[in-house]
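Encoded as structure tokens, the structure appears first; notes follow it.
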Amino acid sequence: MTKLIVGLGNPGDKYFETKHNVGFMLVDKLCKDLNLKFTVDKIFQSEIASTFLNGEKIYFIKPTTFMNESGKAVHALLTYYGLEVEDLLVIYDDLDMEVGKIRLRAKGSAGGHNGIKSIIKHIGTQDFKRVKIGIGRPKEGMTVVHHVLGKFDRDDYITILNTLDKVDNAVNYYLQSGNFEQAMQKYNG
């Protein structure tokens, strides 16, 4: 078996550690813990790192297409590696959840998230595993775009770092056990 673990975000220093980039932050953490280095693949418009865990090939992906076109990279990689949507796990921000909350889901709608909309459009289904990380709603008078492309304040950043540890554990549990349902039961909350 092979798995594709995709963190959503926007490439470039301008977007480093913004709220919209928590998917990138988590994939970076997973790869750092495993001592993996990313290589840029221009054909697949992604940064890619890979390893074997329990005899399974695992690809860690950060699309470089910008958030709203993430589906192009995800579809191309699924096709190239001959993978099914069952082999896909996407990690991304959710502004409808409180900062630091996580939710693992086996499938679901885009919920207004343009990166997820793009993936659904390109792979033709919303039936793929995902981990949502709460970034909270914009403060009164702030646009959604300004909010998601903004940095965390100090307290929220500390909360997110703790959350990334929890999500790291959840993803590793899934990769070790191969059982996403059990990971959902153990880590949702």
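Placement of Cβ uses the backbone N, Cα and C atoms for every residue, glycine included.
As written in Swiss-Prot, here are the features:
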type	residues	note
SITE	Asn10	site 'Discriminates between blocked and unblocked aminoacyl-tRNA'
BINDING	Tyr15, Phe66, Asn68, Asn114	tRNA binding site
ACT_SITE	His20	active site, proton acceptor
SITE	Asp93	site 'Stabilizes the basic form of H active site to accept a proton'
Those binding-site residues listed as Asn68, Asn114, and which of them has the most Cβ atoms within 10 Å of its own Cβ: Asn114
Cα-to-Cα gap, Phe66 (tRNA binding site) vs the residue listed as 'active site, proton acceptor', nearest whole Å: 11
Tyr15, Asn68, Asn114 filtered to the binding-site residues whose C-alpha is within 10 Å of Asp93 (site 'Stabilizes the basic form of H active site to accept a proton'): none
For Tyr15 (tRNA binding site), nearby residues of its own chain (Cβ under 8 Å, 6 or more apart in sequence): Gly9, Asn21, Leu149
Cβ-based isolation winner (fewest other Cβ atoms within 10 Å) among the recorded positions Asn10, Phe66: Phe66
Most distant Cα pair in Å, residues Tyr15, Phe66, Asn68, Asn114 binding tRNA: 16
Near-site residues: tRNA, ref Tyr15, Phe66, Asn68, Asn114, CB cutoff 8 A to centroid: Asn10, His20, Thr65, Met67, Glu69, Ser70, Gly115
Mapped DSSP class for Phe66 (tRNA binding site), helix or strand or coil: coil
